Amino acid sequence: MRLLTTVAALRCYLNKRRWESRLTASEEQILDSMTSWYQTAIGLVPTMGSLHQGHLSLIERARHENSTVIVSIFINPLQFGPNEDYGRYPRTLEQDRQLCEQGGVDAIFAPSPEELGIPQKNIQESQVTQVIPPSVMISGLCGHSRLGHFQGVATIVTKLLNLVQPDRAYFGQKDGQQLAVIKRLVADLDLPVEIVACPTVREASGLACSSRNQYLTAQEKQQAAVLYRGLLQAEAAFKAGVRYSSRLREVVRQELAKVSSVLVEYIELVEPTTLMPLDKIQEEGMLAIAARLGSTRLIDNTILRDRQPIIAIDGPAGAGKSTVARQVATKLGLVYLDTGAMYRAVTWLVLQQGIAIDDDCAIAELASKCKIELTPSQDLQSPVRVWINDTDVTQNIRTIEVTSQVSAIAAQAAVRQALVKQQQRWGKRGGLVAEGRDIGTHVFPDAEVKIFLTASVGERARRRQQDFQKQGQPEVSLEQLEKDIAERDWKDSTRKVSPLQKAADAVELQTDGLSISDVASQIVDYYQQRLSQW
């Protein structure tokens, strides 16, 4: 692991890593321009140091999803107010270095303020170029008392994203307002990075992990756990049918009042993406708290969603995801969202228009303009009819030609971005079953039920051969199918954009020797078990 303290060293290191990644690919992979660059995915975990279990969870996620993981450690003077704790904020670089090494981090970027051209002043006094988020997002919640804080956050995060140019950057849900601001920043500035939100990690008492927790005495830590208990009370009220902000906030306030040393700064209910105040939850809301305990300021939040559960089914090609998902949706009365069919439809259109598979720009143009519709069908074999640009392609997308090229098309960032937006729009109200390769990790990371279906290559090849025979497709040998499936597994697992991965909270089902009905029944049983716990 490298410790880098200058911009020059960081750029040199990143250039070297990208080049090394290309050189370590096999000759066959290098010749395939579509896959030779996948292994260079870079993940950035921005921190202010004083690392704790929450940071380690971000590092673990980044390590799982990228070939290179960079952790930045920079105590940003721009986000501290004149009377805040910049001077006494914990500085534990050697301890942080050890934790990063244990977590498999490739490099730490720990520059001084001078190296980044940041004066050790607050944002109001600084002459540095600033990034100003929308005022409506930074005037409420923490922004009300921490003037200039989010301008300072946005400025330094933009600088780090520009310096590292990561494929993914990881932030915790605990700082819900910060997360929303950064997502908006990336969207508005069209920055080519995926912002990955990770769940809040808590101590045994329920207290959200924070670098500032070390300011607390043992007794204060126990008292501070009342914030989480307040959120739990609100969650219980929400599940019981309470939807109005005033009532939910009062539930939290009553719980916090039990600890007199906790001084509430705010209890607010806002829309999680826009941060606009909510009077009533229609779809989802973020219930956020800020409070002081002694000289320590604490924040916490929870997301309350008024929707039916989502079942996310992931797994490699030929694992039976589509058939299983259709059966599960039918048994539970949920909508089946055939995401794979959407990628197949785009692939069919690319082939139909004679566009080269490696012509990323032409494919990006096509994917961003095409119109895909999924409609229910009475056909048990094809319960979803697929339309692209008003053409019914339900049968066309299942051909060998489309099957052999869909992974390469689906791996292209522009294609996935265009289709994921549509999928997430459909999933807003829940009540659906979706299958693919990154549903639980990328499309619906907050799905209530996550399943990872898998089977041996030989089993999947036999299933695929049987499918082709039923469809009247030309005969393909098992040996060739096994080779194709193994190659597809590699492409799907190593692509830079949303690779095939098992979500950390997914249940894995090995389906060799099991019938479709057996697998569907297991998922339905698990769904009902989970439902009884909500």
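Yeah, the Cβs are placed from backbone N, Cα and C, and that goes for glycine too.
What Swiss-Prot says about this protein:
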ACT_SITE  H55  active site, proton donor
BINDING   48-55, 172-175, V201, 209-212  ATP binding site
BINDING   Q79  beta-alanine binding site
BINDING   Q79, Q178  (R)-pantoate binding site
REGION    1-302  region 'Pantoate--beta-alanine ligase'
REGION    303-534  region 'Cytidylate kinase'
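Taking the features listed in Swiss-Prot, we show where each one sits on the structure.
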residue : record                    : DSSP class
M48     : ATP binding site          : coil
G54     : ATP binding site          : helix
Q79     : beta-alanine binding site : helix
Q173    : ATP binding site          : coil
Q178    : (R)-pantoate binding site : helix
V201    : ATP binding site          : coil
S211    : ATP binding site          : helix
Taking only the CA atoms, the spacing between S211 (ATP binding site) and Q79 (beta-alanine binding site), expressed in whole angstrom, is 15
Cβ neighbour count (10 Å, all chains) around V201 (ATP binding site) is 18
Long-range Cβ list for Q79 (beta-alanine binding site), cut-off under 8 Å, min separation 6+ in sequence, same chain only, gives I123, G148, H149, F150, G152, V153, I156
Across the region 'Cytidylate kinase' (303-534), what is the average pLDDT of the model, as a whole number?
88
Between L51 (ATP binding site) and Q178 ((R)-pantoate binding site), what is the CA-CA distance rounded to a whole number of Å?
18
Could you tell me the C-alpha distance between V201 (ATP binding site) and the residue listed as 'active site, proton donor' in angstrom, no decimals?
9
Rounded distance in angstrom between the Cα atoms of Q173 (ATP binding site) and H55 (active site, proton donor):
12
Between the Cα atoms of M48 (ATP binding site) and the residue listed as 'active site, proton donor', find the distance and write it as a whole number of Å.
10
